[in-house]
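Taking it in order: structure first as structure tokens, then the write-up.
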Amino acid sequence: MGSTNMSYLNPKTVILIGIPGLQHVQFWIGFPFLGVCLVALLGNTFLLIIIPIERSLHQPMYIFLAVLSATDLGLCVAIAPKMLAIFWFDSYSMAFDACLTQLFFIHALQGMESGILLAMAFDRYVAICNPLRHTSILTPFFLTRVVLMVAFRATVLVGILPILLKRLNFFHSLVIVHSYCEHMAVVKLAAEDVHINKSYGLFVAFAILGFDMIFVFISYILIFQAVFHLPQKEARIKAFNTCTAHIIVFLEFYILAFFSFFSHRFGHVLPYVHILLSTIYLLVPPALNPIVYGVKTREIRRRVAQMFVLKSATQQ
């Protein structure tokens, strides 16, 4: 797959090579990624079953968690099948339009996940800093509007990315050095001026991830101020414990996101390191999120235990 001086006009297909430099072992790399995907699928499916049937979880935080679980399931479905087909069956070819569709869903779902994490931070802020008005502010109508706004923002902002890519006609290569269709990886194939594509990609990243991260930080600064002003130590610990699951999920998402983002645009890391990082960033949080909330939430643990006890009882 060496480089050539050819230009390709309006290509119909592209080639995804998987993990450059590790093609000889990516067959084996596929197994841990499959394990992570299975944990994500199982864990998030459990949450989507448990949250609707457990009345004590009919609270804004867990409604947002259910939306986060649906988003995580979507990310796994968007990435894993083609990636594992590349690793195990040498299925490198992909229709260009299908590549743009995968690109849209991956980045739109990332944007939705970021927005839901911001909504969860706002819920914790109201619950701790203004608890008497929590139920009057976070009404079912408000929650519905927030989820729709998050989905609308991600869909509109990310939807322009494939449109801008579609207007490009000439490409110097059809080989995408990645295991899935990622915006900058596709942009680098173009043999035309792509300043608009790069600039708009940066704008989307900062308008979604940057904006959300700033306001999550602001929320937690205000939360910590309120917690540290509580008179009793037990009250401070209890208030902080209500935030720990969200803090863990928030940190894992944004730390991995910014490692992946900046290594791709400004870093000088080896290609396989970047691709492993970006794949871990997309697949590991969906697997960890249900584990974190399952460990921290007594009602979820109890429901999961009941489901397994009931299953074992019916098998006997």
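Each Cβ is built from the backbone N, Cα and C atoms, and glycine gets one as well.
Unlike curated records, TrEMBL annotations are generated automatically.
Keep in mind that this is a model prediction, so the values were computed, not measured.
For reference, TrEMBL has these:
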type	residues	note
TRANSMEM	27-50	transmembrane segment
DOMAIN	43-293	domain 'G-protein coupled receptors family 1 profile'
TRANSMEM	62-89	transmembrane segment
TRANSMEM	101-122	transmembrane segment
TRANSMEM	142-165	transmembrane segment
TRANSMEM	202-227	transmembrane segment
TRANSMEM	239-263	transmembrane segment
TRANSMEM	269-293	transmembrane segment
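Under 8 Å from some Cβ of the transmembrane segment (202-227) lie the Cβ atoms of residues 107, 110-111, 114-115, 117-118, 121-122, 124-125, 128-129, 153-154, 157-158, 160-161, 236, 239-240, 243, 247, 250, 254, 257-258, 261, 265, all in the same chain and six or more residues away from its ends. Listed by sequence, the residues of this chain that lie at least six past the ends of the transmembrane segment (101-122) yet keep a Cβ under 8 A from its Cβ atoms are 61, 64-65, 67-68, 71-72, 74-75, 78-79, 82, 94, 146-147, 149-151, 153-155, 157-159, 161-162, 165, 180-183, 186, 204, 208-209, 212-213, 215-216, 219-220, 246, 249-250, 253, 257, 282, 285.
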